[in-house]
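Engineer: Let me give you the structure first, and then I'll get to my questions.
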Amino acid sequence: MATQGQVITCKAAVAYEPNKPLVIEDVQVAPPQAGEVRIKILYTALCHTDAYTWSGKDPEGLFPCILGHEAAGIVESVGEGVTEVQAGDHVIPCYQAECRECKFCKSGKTNLCGKVRSATGVGIMMNDRKSRFSVNGKPIYHFMGTSTFSQYTVVHDVSVAKIDPTAPLDKVCLLGCGVPTGLGAVWNTAKVEPGSNVAIFGLGTVGLAVAEGAKTAGASRIIGIDIDSKKYETAKKFGVNEFVNPKDHDKPIQEVIVDLTDGGVDYSFECIGNVSVMRAALECCHKGWGTSVIVGVAASGQEISTRPFQLVTGRVWKGTAFGGFKSRTQVPWLVEKYMNKEIKVDEYITHNLTLGEINKAFDLLHEGTCLRCVLDTSK
């Protein structure tokens with residue numbers, strides 16, 4: 001492309017301070033160095049993780065930064081040594097890297113990758129420990145190794161999944177975070193079996209993806225738990241077949257679920273990020289075999305607790321990141337499943353706005369009616 005090797009000036013939404021409106025700026029995006037890829041972002045969605053960092057509660061939150069980690073675009077150029085993608089490829093940037101070489105990747109036990117974490121966790125690139133973004137000569141931090149609230153971004157090549165060029169980018173951008181996180185929590189982390197009873201705490205995008213995953217896994221009872229009863233109607237479309245509002249009961253929700261399920265559920269999923277709910281999710285599991293998966297991200301410094309007897313008597317407490325999916329290997333597979341109509345994606349998109357309307361999009365995110373808002377970055 002004509003821009004290869006040059007600094008690109010483009011529009012991006014910059015977070016200068018926690019909880020202050022994002023500012024649409026002309027940002028300079030440097031060319032990719034060795035092992036890096038510059039991507040033209042076409043569509044990006046908002047996730048509660050973006051809002052979490054923007055709130056100032058994230059211990060790794062750095063300002064000023066360009067947020068965003070759920071997106072899709074086209075490779076503009078690549079740095080030296082990059083062989084798996086080239087200019088023109090359709091891609092999804094992945095906050096969960098996959099180098100296939102580090103001890104994590106080689107272990108066969110996890111989808112975590114250690115290659116670039118020391119850089120992405122502090123908002124910079126590995127090569128020179130610097131940012132590729134600047135405004136008027138002042139550096140702007142990266143976010144989660146993706147920074148997709150920008151018309152162009154630079155990412156490590158181990159964080160890029162090449163996808164089917166016929167897939168609609170305004171839809172499959174969701175496969176960069178929330179939907180795989182929920183599906184994978186069921187398929188990879190919990191390994192839910194047919195006939196299982198499942199409880200899902202929190203019916204946002206991730207919770208609904210858990211429901212979809214549980215339904216396709218053959219779960220029989222899929223119990224949705226949320227303090228907003230209006231969410232049940234939508235949740236039914238994703239597989240939830242029972243609903244409980246904790247506000248309707250005068251005893252702890254774990255006791256309600258245990259009574260409802262003859263001793264507890266086989267699997268529970270906490271999709272909120274609330275440590276007291278995490279405890280309830282564990283304690284509503286059946287003695288002897290119940291497994292609870294923590295999916296939601298709690299605020300910095302918060303701790304989980306329960307009585308050890310809960311674990312001694314056979315319950316298992318697990319966590320998951322990106323649903324246990326290997327990003328570069330399995331995101332393309334998820335795109336194919338979507339193209340074959342084997343998983344939902346469109347149904348999670350409730351709003352479509354432009355990059356210039358990003359602050360409105362964050363307002364919508366905090367309203368119960370918004371699941372995913374997709375932004376067209378060209379406007």
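Placement of Cβ uses the backbone N, Cα and C atoms for every residue, glycine included.
Note that the structure is a prediction, hence the values are computed from the model and not measured.
Take a look at what Swiss-Prot says about it:
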- CYS47, HIS69, GLU70, CYS177: Zn(2+) 1 binding site (BINDING)
- HIS48, 202-207, ASP226, LYS231, ILE272, 295-297, 320-322, ARG372: NAD(+) binding site (BINDING)
- THR49, HIS69: alcohol binding site (BINDING)
- CYS99, CYS102, CYS105, CYS113: Zn(2+) 2 binding site (BINDING)
- ALA2: N-acetylalanine (MOD_RES)
Engineer: Would you identify which of the binding-site residues CYS47, CYS105, CYS113, CYS177, ILE272 has the most other C-beta atoms lying within 10 angstroms of its C-beta?
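Structural biologist: In terms of Cβ crowding, the pick is CYS177.
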Engineer: Sequence order is fine: just name those binding-site residues in CYS99, ILE272, VAL297 with a Cα within 10 angstroms of GLU70 (Zn(2+) 1 binding site).
Structural biologist: none
Engineer: With Cβ-Cβ distance below 8 Å and at least 6 positions apart along the chain, what are the contacts of THR49 (alcohol binding site)? List them in sequence order.
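Structural biologist: Long-range Cβ contacts: HIS69, MET144, CYS177, VAL297.
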Engineer: Out of HIS48, GLU70, CYS102, GLY207, which of the binding-site residues is least crowded by other Cβ atoms within 10 Å?
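Structural biologist: So among HIS48, GLU70, CYS102, GLY207, the binding-site residues given, the one with the fewest Cβ atoms within 10 Å is CYS102.
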Engineer: Sorry to bug you, but what's the C-alpha spacing from GLY204 (NAD(+) binding site) to CYS99 (Zn(2+) 2 binding site), rounded to the closest Å?
Structural biologist: 31
Engineer: Taking the centroid of the Cβ atoms of CYS47, HIS69, GLU70, CYS177 (Zn(2+) 1 site), which other same-chain residues have Cβ within 8 Å of it?
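Structural biologist: Counting only non-site residues, the set is ALA45, LEU46, THR49, ASP50, GLY68, ALA71, TYR95, MET144, THR146, THR148, GLY176, GLY178.
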Engineer: Give me the non-local Cβ neighbours of PHE322 (NAD(+) binding site): same chain, 6+ apart in sequence, Cβ-Cβ under 8 Å, ordered along the sequence.
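Structural biologist: Sequence-distant Cβ neighbours: CYS94, TYR95, GLN96, ASN111, CYS177, PRO180, THR181, GLY184.
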Engineer: For GLY207 (NAD(+) binding site) and CYS47 (Zn(2+) 1 binding site), what Cα-Cα distance in Å is obtained after rounding to a whole number?
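Structural biologist: One finds 13 Å between the Cα atoms of these residues.
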Engineer: Around the residue listed as 'N-acetylalanine', how many other C-beta atoms are within 10 angstroms of its C-beta?
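Structural biologist: 6, counting other Cβ atoms within 10 Å of the residue listed as 'N-acetylalanine'.
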Engineer: Which one is it: of the recorded positions ALA2, CYS102, CYS105, CYS113, whose Cα lies the shortest distance from the Cα of HIS48 (NAD(+) binding site)?
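Structural biologist: Ranked by Cα distance from HIS48 (NAD(+) binding site), first place goes to CYS113.
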Engineer: Cα distance, CYS47 (Zn(2+) 1 binding site) to CYS102 (Zn(2+) 2 binding site), nearest Å?
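Structural biologist: Given the Cα positions, CYS102 (Zn(2+) 2 binding site) is 28 Å from CYS47 (Zn(2+) 1 binding site).
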Engineer: Name the one residue among ALA2, CYS47, CYS105, CYS113 whose Cα is closest in three-dimensional space to that of GLY204 (NAD(+) binding site); these are the recorded positions.
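Structural biologist: The answer is CYS47.
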Engineer: Out of ALA2, CYS47, CYS105, CYS113, the recorded positions in the record, which is closest to ILE272 (NAD(+) binding site) when you go by Cα distance?
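Structural biologist: Result: the closest of the recorded positions to ILE272 (NAD(+) binding site) is CYS47.
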Engineer: For a quick check of packing: other C-beta atoms within 10 Å of the C-beta of HIS69 (Zn(2+) 1 binding site), how many?
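Structural biologist: Excluding its own Cβ, the number within 10 Å is 25.
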Engineer: What is the set of residues, excluding CYS99, CYS102, CYS105, CYS113, whose C-beta falls within 8 angstroms of the centroid of the C-beta atoms at the Zn(2+) 2 site?
Structural biologist: ALA97, GLU98, ARG100, GLU101, LYS103, PHE104, LYS106, LEU112, GLY114, LYS115, VAL158
